[in-house]
Amino acid sequence: MVMKTKDELLAGLQRKNETIRLFKYPTVTSSGMLIKDYLMGEKNPFYKKATEKWERKLEEMAELGSEVAIRMGLWSQNDDRITLFKKQMMGDENAVDPFIQGCTAIAYRLNEGYIFSVLEPPNGMTHKKLKDQCDDMKEVLFDSEQVCSVEPSAKTLELAIDNYIYNLTPKLTVLFRDEKRPDPLDDVWKIDSVDEIEFDIESMKFYTAMKETGEKFAVPFKDNGGFLVGGVAGSGKSASFLVMLMAMLNQDAIDLTIIDGKTAPTELDEFQKYGLADVHKFKSSGGQRNYDEILEVVTKFDEEVAERAEDFKEKYGVNNFWNIPVEKRPILKVLLIDECQVFFSEKGKDNDDKQLIRKIQATVENTVRISRAYGGMVCLATQKPSSEAISTDLRDNCGLKLSLRAETSSAESMVIGERGEELEEKYYATKIGSAQQGLAITKSEFGGRERVRFAYYPDDAMTRDLERIYQRKLDEI
């Protein structure tokens, strides 16, 4: 066997992990550590000395990572790169090439705890397996109270130490926190007026929720035609769209039509009272239901969205609503159907009602399909998201989906899809607490899941805003 020098092995590890990068400007990483300009080679007289320091640091992190991985049972000494490397350095003729067979990880102490990242995993290693092992061993290894994972949507992860960047593996990186961190979404964001809501009319983003990171979140209406919201009674479904619709009305950004599946009075009735939307209530008396009236409403909305789109090319030179310059763009037409299962489920209905229900659902499906380009948006809210209540076609055509607290995993998956195998429990809608009204699980821009919590908008604040908007419209007449 050809022996490799220590320098050759370290150089191989350096190349393998691509740990050195160049930066022209100072950069702040997610850990808050500053990465300074660092000129390499002949332009920096301290390059060699600094590189030696980096090599020592890498050795220390790899040694600790190896120890942690073996103690957790992630792999054995016979599969560990550091152990195999040491055997080779000692002249063991039976030692295999560590860069062919060896698994490797690094561990490093940060202010809040130890970060651990598997760089070369064994076959079959998944995020879930790693997280479960770390949870089981956190107290034994580091006297840690909590194991935190990287956000599922993260594509890259870097650790900055002493002017060097270490590339980590996002899905196989955890942080052993010394102290358990409180859930950042336990704090409720209360607003006293929709004047507080930040917005971008061009993209129709109204920032009515908070992410775990503290960033504000907006449901991205642009280039979408359907918004599906699921959640049990009391989970805060109203919070997910009421403040958003109010903020849009405050900016004269939408033409709103509401269909309410509740027969009892609700806060949605206030939109009709103040002349800000047409509100159509579900009616049921003596076995008679007003499905015919609801069919007329959805048909009219569908036709209006389609008819005005016929003029886009002639008036604006484009076929897509969202390509029209914002200063010339017509107002967005929005249809909200609350408790939509009332109008979509055929269960227990007679044949006449079933025919009307099928027509209602088919019309709404068509509206969602065409609205993406025609300047419409259908918002559907339900506490019973079953296949009987919401067709697969309708659900699939809704590009925007979020689930508040759900009772079952099937109800959750009907709204936001199946859970990934490696998904953490905090991204389960069934794990949202009953006291966490307005907390929801939605799709991130990278296709994973993220947690958001919508602003708390008290009834009296909504009433004041309704009165103010109504008075403003009167003054404009």
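All positions are counted from 1 along the displayed chain.
Each Cβ is built from the backbone N, Cα and C atoms, and glycine gets one as well.
The ATP binding site annotation in TrEMBL covers G231, V232, A233, G234, S235, G236, K237, S238. Here the Cβ of G236 (ATP binding site) has 21 other Cβ atoms within 10 Å, regardless of which shown protein chain they belong to.
Annotation source TrEMBL lists domain 'FtsK' at 214-413.
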Other Cβ atoms within 10 Å is the metric here; tell me which of the binding-site residues S235, S238 scores highest. S235
Starting from each candidate's C-beta and looking 10 angstroms out, tell me which of the binding-site residues G231, G234 has the most other C-beta atoms. G231
Using a 10 Å radius around its CB, how many other CB atoms surround K237 (ATP binding site)? 26
A correct count of other C-beta atoms within 10 Å of the C-beta of A233 (ATP binding site) gives 9
For the domain 'FtsK' (214-413), mean pLDDT (0 to 100): 93
Close in space but at least six residues away in sequence, with Cβ under 8 Å from that of V232 (ATP binding site), the same-chain residues are Q383, L404, R405, A406, E407
